[in-house]
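Here the structure comes first, spelled out in structure tokens, and everything after it is commentary.
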Amino acid sequence: MRALGFIGIILSIFSSFAYASEAKLDTGNTAWMLVASALVVFMTVPGLALFYGGLDKSKSILNTIAMSFSAFAVVTLTWIFVGYSVAYGDDIFGFIGNPFQYVLGKGISGINSDTGYPALLDLMFQLTFATITTALISGSFVGRMKFSAWILFAILWSVFVYPPVAHWVWGGGFLANDGALDFAGGTVVHINAGIAGLVGALILGRRKDTSLIPNNVPLVALGAGILWFGWFGFNAGSALGANESAAWAMINTTVATSTAALAWMFTEWLHVGKPTVVGISSGIVAGLVAITPAAGFVNLIGSIFIGAIASVCAYFMVALVKPKFGYDDALDVFGIHGVRGIVGAVLTGVFADPNVGGTPGLLYGNPKQVLIQIEGVIATILYSAILTAVILLVLKAVVGLRVSEEEELELDSSLHGEKAYNL
């Protein structure tokens, strides 16, 4: 009996070790990350699709919406097959993750001990970032790109461009090791997409009619509102839990976005004499983009400055610089996402508050952080520009990129066999 009792004690000790090693489900974090993932899906379909659709011409609104919807569907599959592995697999020379590690969810199971939610949920949350980043690029291409070429571009770009940059910053790559700060995707999402959009606009060439006359301003405003709402999942969700960091990200997102909307409105009012709803909506997106890299790193004063500075810079890029140089970035993806992403990323290195995110920026005695941020900006610009150009030039040679001039006149009818408004 004594022997049995001794064995029981030994087994209970080992059993306690086993239970101690098992991560426990944090239901609060799990619930929040499920909601955050759904919010980012809502940003893309329908938020981005409606925002872009309202900005575009009536003859191609359906094509514009289809580009966002199809990008989400296509990238969902590329992400679970290879994208997640490249972004978050075991590091290879600081550049990519093991591309075979998590194919179709292989090896993703159990509870993440760091976050307390199922590891599979991270696959879903990060999927939403990959999908919206690819969809963002479509705004530069609308009005003249073959739909088949767009599908092929979305496949290739979501495999060869987005995942490596995500790995550099969030997957243990060289920028992460250097200490680059990007809370929710200033470099990974917005600079990456903005530069790809600019390169694509240059390679595709100008449309026959390059005027920006929105076909449905209320749709633009509705899309901007949905983007703002969904962005809470984007930024606050990047805290990876229901915690103080998420609260900082949410309030900073609100403050920067409000500041940016006002900055754009008053700048436009002074410049052209009237504040427009499209301008206010663009200012909203300006603030959302600019605060993305800084959301969990800066205090409220920092978020005000970031929102205002980025919005004014983006306004002059869209209103003055683009017309002067004549490139046809149809819906201002470079001006809205590229420029604001760059400004936001650099200013994160200026305003980062150690009392918020643990890392000091220039104003808190760490000027080196600005240089690290600039390193991330330059690396992303170069990589995105070169790889995007290669992908588009290959597609141009193999399948062609542009529709015919006749198809461009009535793009929805020629590519999709339908019209948005049957009046």
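The backbone N, Cα and C atoms fix where each Cβ goes, glycine too.
Database features (Swiss-Prot):
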SIGNAL    1-20  signal peptide
TRANSMEM  31-51  transmembrane segment
TRANSMEM  64-84  transmembrane segment
TRANSMEM  123-143  transmembrane segment
TRANSMEM  150-170  transmembrane segment
TRANSMEM  183-203  transmembrane segment
TRANSMEM  217-237  transmembrane segment
TRANSMEM  246-266  transmembrane segment
TRANSMEM  278-298  transmembrane segment
TRANSMEM  301-321  transmembrane segment
TRANSMEM  331-351  transmembrane segment
TRANSMEM  374-394  transmembrane segment
Counting only residues 6 or more past its boundaries, what in the same chain has a CB within less than 8 Å of a CB in the transmembrane segment (246-266)? 32, 183-184, 228, 231-232, 235-239, 275, 279-280, 282-284, 286-288, 290-291, 294-296, 298-300, 302-304, 306-308, 310-312, 314-315, 356-357
Considering only Cβ pairs within less than 8 angstroms, which of the stretches 123-143, 183-203, 301-321, 374-394 has the most against the transmembrane segment (31-51)? 123-143
The transmembrane segment (150-170): which same-chain residues, six or more beyond its ends, come within Cβ distance under 8 Å? 67, 70-71, 74-75, 78-79, 82-89, 91, 94-97, 126, 129-130, 133-134, 137-138, 141, 176, 180, 182, 187-188, 192, 196, 200, 376, 379-380, 383-384, 387-388, 391-392, 395, 399
One stretch in 123-143, 183-203, 278-298, 301-321, 331-351 has more Cβ pairs under 8 Å to the transmembrane segment (374-394) than the rest, namely 183-203
What parts of the chain pack near the transmembrane segment (183-203), using Cβ distances under 8 Å and only residues at least 6 beyond its ends? 129, 132-134, 136-137, 139-141, 153, 157, 161-162, 165-166, 169-170, 175, 234-235, 237-238, 249, 289-290, 292-297, 327-330, 333-342, 344-345, 348, 357, 376-377, 380-381, 384-385, 388-389, 392-393, 396, 401
So what's near the transmembrane segment (301-321) in sequence-distant terms, Cβ-Cβ under 8 Å and 6+ beyond its ends? 251-253, 255-261, 263-264, 267-268, 271, 279, 282-283, 286-287, 289-291, 294, 332, 334-336, 339-340, 343-344, 347-348, 350-353
Who are the chain neighbours of the transmembrane segment (123-143) in space, where the CB to CB distance is under 8 Å and they lie at least 6 residues beyond its ends? 33, 36-37, 40-41, 43-44, 48-49, 52, 55-57, 60, 63-64, 67-68, 71-72, 74-76, 78-80, 83-84, 87-88, 102, 105, 108, 150, 154, 157-158, 162-163, 166, 185, 188-190, 192-194, 196-198, 200-201, 204, 207, 233-234, 237, 329-334, 336-337, 408, 411
Let me spell it out: take the transmembrane segment (278-298), skip the flanking residues so only those 6+ beyond its ends count, and list any with a Cβ under 8 Å from a Cβ in it. 51, 55, 181-187, 189-190, 214, 217, 220-221, 223-225, 227-228, 231, 234-236, 238-239, 245-246, 248-249, 252-253, 256-265, 268, 306-307, 309-311, 314-315, 318, 332, 336-337, 340-341, 343-345, 347-348, 351-353, 356-357, 359, 361
